[in-house]
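Q: One structure coming up, written as structure tokens, with questions to follow.
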Amino acid sequence: MPTYNDDDDSSRPPSVHSERNQKPSSSQFLGVPSSNYNQRENSSRSGSSTISREPSSSGTMYPMASRDSMKESYDKNKGTPPDYTSYVSHSDAEPEQASSKSSTSIEDLLHTEYDDAPFAFSIPLLQRLQDPKNTSLLHAIHGLKGLCKGLKVDPSTGISTHEPHYADKLQMSDILNDDSNPKLVVHLDRIRSQDNNPEAKVSHDSDRVKYYGKNVLPEHDSKGLIRLMLEAFKDKVLILLSIAAVVSLALGLYQTFGQPPTLDPITGKPEPRVEWVEGVAIMAAIVIVVTVGGVNDWQKELQFKKLNAKVSNFDVQVLRDGAVHSTSVFDLVVGDVLFVEAGDVVPVDGVLIESNNLVLDESAMTGETDNIKKVDANTAIERTSPDVEYRKNADPYLISGTTILEGNGKLLVTAVGVNSFNGRTTMAMRTEGQATPLQLRLSRVADAIAKLGGAASALLFIVLLIEFLVRLKSNDSSSKNKGQEFLQILIVSVTLLVVAVPEGLPLAVTLALAFATNRMQKDNNLVRHLQACETMGTATNICSDKTGTLTQNRMTVVAGGFGTDVLFFDHNDETPTNVDQGSDSSKFEDAGASAFAFKRLSPELRDLTLYSIAVNSTCRQLFEDNSDTPRFIGSKTETALLDMSVKELGLTNVDSMRSSVDIKQFFSFSSDRKASGAIFEYKDKYYFVVKGMPERVLQQSTSVITNGSLDEVEDMHSHADYFKEMITGYAKRSLRTLGLCYRVFDSWPPKDIPTNDEDSSNPLKWEDAFTDMTFLGFFGIMDPIRPDVPLAVKVCQGAGVTVRMVTGDNIVTAKAIASQCGIYTEDGISMEGPEFRSLSDEKRLEILPKLDVLARSSPLDKQLLIEGLQKLGNVVAVTGDGTNDAPALKKANVGFSMGKSGTEVAKEASDIILMDDNFSSIVKAIAWGRTVNDAVKKFLQFQITVNITAVFLTIISAVASTDQSSVLTAVQLLWVNLIMDTLAALALATDPPTPEVLKRKPEKPGASLFTFDMWKMIICQSMYQLAVTLVLHFAGNSIFHYPSNTADMNTIVFNTFVWLQLFNEINNRRLDNKLNIFERINHNFLFIAIFVIVAGIQVIIVFFGGAAFSVKRIDGKGWAISIVFGVISIPLGALIRCVPNNFLRKVLPVKTIDTVFSWILNPRFRSKRRSTDHDVESLSLIPYEPTSPNEVIDSIRHSLGFVQRIRGGRIRHLLNNSKFDKQMEALPERLRPRVKQRFMKIRSPSVSSATSVALMIPISTLVSEASGRLGGHDIWISHNRQALDKKSSNVH
């Protein structure tokens, strides 16, 4: 047998992390004390009293705490998990050398002991069991027996939840000096079952938690409020405005305190010295803008942090105090006995106590595509010698983050949280998020508006500067006043740029998404990827599973039979067949079809049926308090059979029944087999029992029992048609049918069947064993449809969304249930998976529009269906709950996984988790998706209207003024900008869905953000607002008989402008031509609150703003003018909606404006006239649809480029990933694919996949093996879900 040198990676088999390429390197975690305990050398070693640390190859020494300091730290931190990261190696400065070799050998770890440590094993030693996999170390600690002894756990009963603070300390020598047999016998019959018990949690103060920690990662370092405010202040325009404000303040202070006062010509008294007020007011306004922006971002981060925590948490089954308990994955501790099964993503590191055909996909960790079959620790010890580090067929290790494909088992937890492999890797990969597609679309519009606004601001500055220079000779003012006038021109121009460049526009969608995802949780939609919320708004097709989604997943056996003549049905059910459906009901009556039919079964048949159901099942049982009746957890089909066994066959304890027989081999259910099986020894014979799809069971059965006895058997051939008729009759009644069969072997392994020499623990292959079976019986299982599904399907159809059923049931059952749900129509097509799969691409695309039901489908069929629908231009949402559904969930535009019945793999592959597994929740997701898109459009419509009015009003009034001053001052414009960018977004982005959103067809993918209805409202309202404000400014005094004092009228203009925006905000609550703009406004408290707050602040500004806001108190007539003109915008909006669009298309320059926007925001459009390339981006504001991740990055970079150059600030964070391309290009071409391959995405229980990641990582660590030396370069690694895609394709 091969051996592997610990110092030579080339001889080591593929492992979780090679010593040189892992990130972080194992040397950072090995050779460090597992907690703050004193450390000493085993007396059996050379006699030295302390361990000296080996220097790493880089020359750095690993930190070593003294005995006293560690003891003091431990005493001080009792009750708090130790901070292991404080002991991490300082070798990060030279990762290339530090990661090349472990600093602490296994021998050192085995002979290192810790005084006062309650457990024998340190965290570094437990990590070395699996990183890399090391069976020789398992031999050294005496296998599973030594491991359990060192962790103080009995695998038959689990840990105690009332674990004491251990007075007796366990040393490594106690384990190494134990010469007894390392094989540990686990007494499964000791396990009793118990329901979820809130008391079954390990205390945070226990030694186990203190020493090894909990299965929780530290919270992501979120940005604090001050940091977010500083980032908001990085806006280049705000910085420029701040500089101007400081200069203005300095000049104002000089004028106030350094110049003689100016006398009032009427009173002769000195005028108030307020020259400094404007500078202070501008700075105060900037502080308010920055503060509000920072608070807004801070609240958004808090919401997403809550979302991440909810996504990461799920329940697991553990063995504690001798009973099975359901607990949060966050409560797992080292020493727990964890139950795992197919579909789970392993949340911790551990060693297998028991394995029932466990097969894992470890590609996300090792990069190796082959699936790994696991064995328990005892078997691994038997198959290897102590000098062999690793053999592929003797692998008992489960690594956190890997996926269980088949089987089930029990796991002894050896590492949790930051000490597990997944935890260490995740902590090294935490990063910032990226922009969503809707943010990308908005950024393009923002860029166009920014260019127009920037041009307007520059034009204003140039015109005013020319006018200022022309008048300079005739200006008799002092040089200070001239400087103040010039500064006023600069301030007004810069402030106009603040208003005109919509920094808040690309970020407004984040607010809408944050609100929507938070509210969607209440509707049982847990959004994992933000873009899924947007995409659901354009969904045109839903491909839904049947079980649990359309049905209640509350399965009950209501009919069935044993052999040819013992039939039964539930008292509450109808007779099991229907004459009109072609079945012979008289045959049932003659056979005694009643619940008492079970009494006709012979004892032997009854026992065999019980063992067939109990042993060939992966369900676990729980007992409610003060109840002897078990409750089962697991597959709903299996729980239905077990419930029937309890009720009719006298089953009392499934665990006791399983432990009473010797299970030789177990075949877990798979989509290929459509069945599961088990071989067990019973009364000196070996029974092979199978349950599964009745067609498969009947096909492999050559005989059938009769008269309720195993002794009477007849040939199956003469009864085949009868059973097919029965199964068809059940299917027409929407019953799921299962068949049971068995076979008896006289010896084990059987002599007449070829054995599998490669795996002695599983000697038989399924295809060899599953032949020549005897048919036992069949069962009809009812799963009623959810009461609200037919209405939900009807609502989808009214919303232009086609619903299709994709199920593994037979076509008769599928059509029956689809008809009840309203999915299957008279002109619809139903088809089975194999037939659908065999069609040509052209034929498949031809029948897809009418395909309502796809039965007997495989994961491949579901993928083909999705691909075909997408080729036809559809946006497809799909549901899935199994591991094999992962590829389809990833392929769909939006993947929905089941929160209750779904596997962890399916949840990880999905975009949204249905917490209640209910189809109606998908309909709510569609409504929320459309509402998010509507919210962004509402905000866009509002902001562009304000932009147009503010820009033109400022330019016209400033140019027409004799002193180059605008009617709206800098402080007033900043107040308007605050209303426009933040408060309006809060108000308009938080409208809940209305029934109207599901009464219209979905938008086409890539549709323009602007509709004609939006354009006509923007143009008409802007024209009205400009007309009102300009007339008031230039003719208001004469029309309303005000004195020539401009202060009164300027205040009225400012007040009117703000009230126009406030009432137009109400107007913008609707995007269509319907008149009721107040619909469901009482459901949006935030909108009402913001309206009242803004109105209140405006009143305070006018009354008390004074010199700071350049306003003067106005009389009642002035207030009436302002508010009446504002209110008129509401009936005007109704009038605009009533005008036919065809008429306005001829009058309004919508096409010209749209073309100008498109020309500005996209160079592809400008080159369209001289290019015939069909791939060039569409006209108008329709976004370019990228086809690769690189195109996404390029598109984001291009779209936000102009805004970022002008503003910077928070926008800069959307462009971080652009560094990736540049720095990757700096690498040698031969290294690029290898660097990317080294860095793969994995799942962590504590970190949501809801955000994409991009992390600054020393590149020398990633490419040290490839190149040997690359200096100190750093790159941004932007990694996506490649690992999961790879994992999903492997599953398929």
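Every residue gets a Cβ built from N, Cα and C, even glycine.
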Q: Could you tell me whether Swiss-Prot assigns Ser479 and Thr1046 to the same side of the membrane?
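A: Topology check (Swiss-Prot): Ser479 vs Thr1046, same domain name.
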Q: Quick check: of Asp207, Asp852, Asp861, Asp881, which does Swiss-Prot put in the same Mg(2+) site as Asp545, Thr547?
A: Asp881
Q: Could you look at Asn524, Asn525, Asn756, Asn884 and say which one Swiss-Prot places alongside Thr547, Glu638, Lys691, Arg736, Thr807, Gly808, Asp809, Arg856, Lys862 in the ATP site?
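A: Among the candidates, Swiss-Prot records only Asn884 at this ATP site.
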Q: Rounded to a whole angstrom, what is the C-alpha distance between Asp545 (active site, 4-aspartylphosphate intermediate) and Asn947 (Ca(2+) 2 binding site)?
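A: Cα-Cα distance, Asp545 (active site, 4-aspartylphosphate intermediate) to Asn947 (Ca(2+) 2 binding site): 48 Å.
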Q: Counting a contact as 3 or more Cβ pairs under 8 Å, with residues at least 6 apart in sequence, do the transmembrane segment (967-987) and the transmembrane segment (1085-1105) touch?
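A: The transmembrane segment (1085-1105) and the transmembrane segment (967-987): touching, yes.
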Q: Could you tally the C-beta atoms, other than its own, that fall within 10 angstroms of the C-beta of Asn947 (Ca(2+) 2 binding site)?
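A: Total other Cβ atoms inside 10 Å, all chains included: 22.
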Q: Within the topological domain 'Cytoplasmic' (510-938) only, compute the mean pLDDT.
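A: Across the topological domain 'Cytoplasmic' (510-938), the average pLDDT comes out at 84.
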Q: What is the total of other Cβ atoms whose distance to the Cβ of Asp545 (active site, 4-aspartylphosphate intermediate) is within 10 Å?
A: 26
Q: Kindly assign Asp545 (active site, 4-aspartylphosphate intermediate) to one of the three DSSP-derived states: helix, strand or coil.
A: coil
